[in-house]
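The signal peptide annotation in TrEMBL covers 1-23. What TrEMBL lists as domain 'Plastocyanin-like' is 32-146, 158-316, 423-544.
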Amino acid sequence: LQLPTLLILCFFLILGNFHKAEARIRHHKWEVKYEFRSPDCFKKLVITINGKTPGPTIQAQEGDTIVVQVNNSLVTENLSIHWHGIRQIGTPWFDGTEGVTQCPILPGDTFIYQFVVDRPGTYLYHAHYGMQREAGLYGMIRVAPRDPEPFAYDLDRSIILNDWYHKSTYEQAAGLSSIPFQWVGEPQSLLIHGKGRFNCSKSPSVSTDVCDTSNPQCSPFVQTVIPGKTYRLRIASLTALSALSFEIEGHNMTVVEADGHYVEPFEVKNLFIYSGETYSVLVKTDQDPSRNYWITSNVVSRNRTTPPGLGMFNYYPNHPKRSPPTVPPSPPAWDDVEPRLAQSLSIKARQGYILKPPTTSDRVIVLLNTQNNISEYRHWSVNNVSFTLPHTPYLISLKENITGAFDPTPPPDGYDFANYDIFSVASNANATSSSGIYRLKFNTTVDIILQNANTMNKNNSETHPWHLHGHDFWVLGYGKGKFDVNNDTKKYNLENPIMKNTVPVHPFGWTALRFRTDNPGVWAFHCHIESHFYMGMGVVFEEGIERVGKLPSSIMGCGQTRGFHRP
């Protein structure tokens, strides 16, 4: 090669590397408001983003900065938006958790979130104020990697699963806070990417202008595919209550990613997915191309009364509305825990992408999940303490040294291991409420043991998906019955545990997690079931507050921070 040619080649190689390293700033402008929609054919008020629910997908590349300008046009409601799975390293004030990291966005106000998406993968966003998430404010974040991925596919698609109630969040919250207690009940429908089908004939008193199965808004979700291809499907769940089983009739799915981390591939016929989780699965379109196939979503872990969510896996060029010649596949038994536990145990970090956890921890916190009464009101509690949010966000009160903003007494690190019977209704079902938090030493290793137990109904224990803000954790193990600190710790997977941000604790079982307190801030850790967190099923961790930078004034203005609100 002649010298000029070599120089030109070098120039383009350098330019290519510069381009690869260049991070972009991606701007989004959102108007959040209530609109009448019929996602399952039943018309009700839903929260939309720029007229859509689910909201627009945020697409970015690893290392990019996301800027979202949110205008709260809800008129009568506050608002905050959490960026689920984004660790907010260096920006703990933009985590979007009202009462923990910010004051809510007032009606008519505009708030700007700005954060870096530092890792590739599949993440979510959703409302984090009251029970707003289940009113329709949710969507997906897809972050592309800068390096090649360890699996190949032809096309990349997203599906968000949800459950759907016809009652407003106000009605549900009022019932949960009533004497006698009024439970929210099972959802009316299951949505597949915002679309479901409620049987209007079950409500004959409702007029057709309220419930209309011919409404195009509730036409079934269709995923059109080309035969002979491999699809990456990003499956996410943001259910208010339900654990789900997801299936594509006649097609196996290979799980390759969970919560932004590569999984040692394993094959499933149906994918169990819990609220707050994301998975990527690979699906080969290698079945009979002359027909379409069912996509199904079914409730598990609760005695299902909600009909399945149905969509269409449409082999091109078949008509997308052409029904499959078969009935939808039967779901797994709702009360069979074994296959759900087996899937949880199957999820391991992919070879070549293993981040090994520290071999020991500096602190162990056991969190007993129970249902309790406080002054005749029904609550969920952790170690017999039901969590209440303060009026002044923790991040601000701790950083600005505001005293009296929350209960200074921390919650307990455990419960009465020797005497508490997790298999029975507690003999004393009373609990206390508190806004106290766990203060964690910075840059240490903490183990969390989620311990499930009986509810206030005999022979009943529910599945709880727990989500940690600001971190990923290693999932060290799952087990049945009461966690045994002497023996179960010996069974921990320290070789190739998956890292996640959301994990289930199965009925009458335990789940063991480990994480590093390496992200200065104040972070919520809570059950991702809307009504359970509303009823007190959560805790808050503080770490390295002295290392947090100057707080933006935009997060202030409520509680004892009113005087701090500066333009």
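Every residue, even glycine, has its Cβ placed from backbone N, Cα and C.
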Residues in the domain 'Plastocyanin-like' (423-544) grouped by DSSP into helix, strand and remaining coil: 9 helix, 55 strand, 58 coil
Tally of DSSP helical, extended and coil residues in the domain 'Plastocyanin-like' (32-146): 7 helix, 55 strand, 53 coil
PLDDT averaged over the residues of the domain 'Plastocyanin-like' (32-146): 97
